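Taking it in order: structure first as structure tokens, then the write-up.
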Amino acid sequence: MNLHEYQGKQLFAEYGLPVSKGFAVDTPEEAAEACDKIGGSEWVVKAQVHAGGRGKAGGVKLVKSKEDAKAFAQQWLGKNLVTYQTDANGQPVSKILVESCTDIDKELYLGAVVDRSSRRIVFMASTEGGVDIEKVAHDTPEKILKATIDPLVGAQPYQGRELAFQLGLKGDQIKQFTHIFVGLAKLFQDYDLALLEVNPLVIKKDGNLHCLDAKINIDSNALYRQPKLRAMHDPSQDDAREAHAQKWELNYVALEGNIGCMVNGAGLAMGTMDIVNLHGGKPANFLDVGGGATKERVTEAFKIILSDSNVKAVLVNIFGGIVRCDMIAEGIIGAVKEVGVKVPVVVRLEGNNAELGAKVLAESGLNIIAATSLTDAAQQVVKAAEGK
């Protein structure tokens, strides 16, 4: 689950980290009022969406009057912002962050992720702030500095000082950076985060450090014990199909192809997508119905897949282990009848009661194509999607 920038900065402030004075507003009038509350003669207004690249898309602007702030809010509230990280429809803007202007001398990067290979939180810092850190890591990996956090003792001040020295910070800046580093590490652990970024972490003209942005991603598996963060969830930023899938405990990720995939097991689902791609097809989604594939869940899975107008054929690939193939077959038949599936459906069943499942499908009288192997299934569904 992602947080908006203004929500991330609220958490930063709770941990005593330096952030700009600002207000998240819902109306143009509130945007003008926020300028009065903040004071000064210049403000930064930012459209709040769960995507990067807002500046290039016109979603961030420096304004010099309350009227300009109001006009910016009128321009974006209720509209969709399209950036290089969104799809063609963009993300809806329901809040605008109005904050004080910061005099920037230099931009740095500071972030943290859970590194699965070392099973530790790893902090990364760089002198290349304000740009895409993935590009920096690819083009100039030597500019990425790292500090690994021991889970038994947490982030230590000496690690912060070490990074500060390597970033070329001096004097009181080292103390400030260490404070930010330790605070972010505590925030990361306290709230079960999966990713945290301050990009850019800036050195102001007066020499002080300042967190100019906040990107936070929470481990969704830990949300049950993070009620405060759960309450910050903005459903308007979710893909409608993915939100529907979540209600039914289906793992769904929308893609850009035309072949819908319904599979039990994440590994098998990825393998299915690979083999579809190998035979010239393009998967429209990743969908794992899991081990408890009931008729109801299969029906909902079909509804989700077919809500994508790009889908021209559906491949159902089930390995019967925990779940019986004959039960899945009955679920598929019931779902096809209930949903009124108009596109070709290719089914490959293997494992527990696979032969019985194939028999049930054959006797259903429905236009369901039975595949004899995974390769056959991929070839059949690609042909079906092409209308052959």
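Placement of Cβ uses the backbone N, Cα and C atoms for every residue, glycine included.
Binding of substrate is annotated in Swiss-Prot for Gly321, Ile322, Val323; the matching candidate from Asn221, Asn251, Asn258, Asn264 at the same site is Asn264. Predicted-model confidence for the domain 'ATP-grasp' (9-244) is 94, expressed as mean pLDDT. The binding-site residues listed here are Gly53, Gly55; among them, Gly53 has the most other Cβ atoms within 10 Å of its own Cβ. Neighbour counts were taken at the CB atom with a 10 A radius for the binding-site residues Ile322, Val323; the maximum falls on Val323.
Put simply, Gly53 is the one of the binding-site residues Gly53, Glu99, Thr102, Glu107 whose Cα lies nearest to the Cα of Val323 (substrate binding site).
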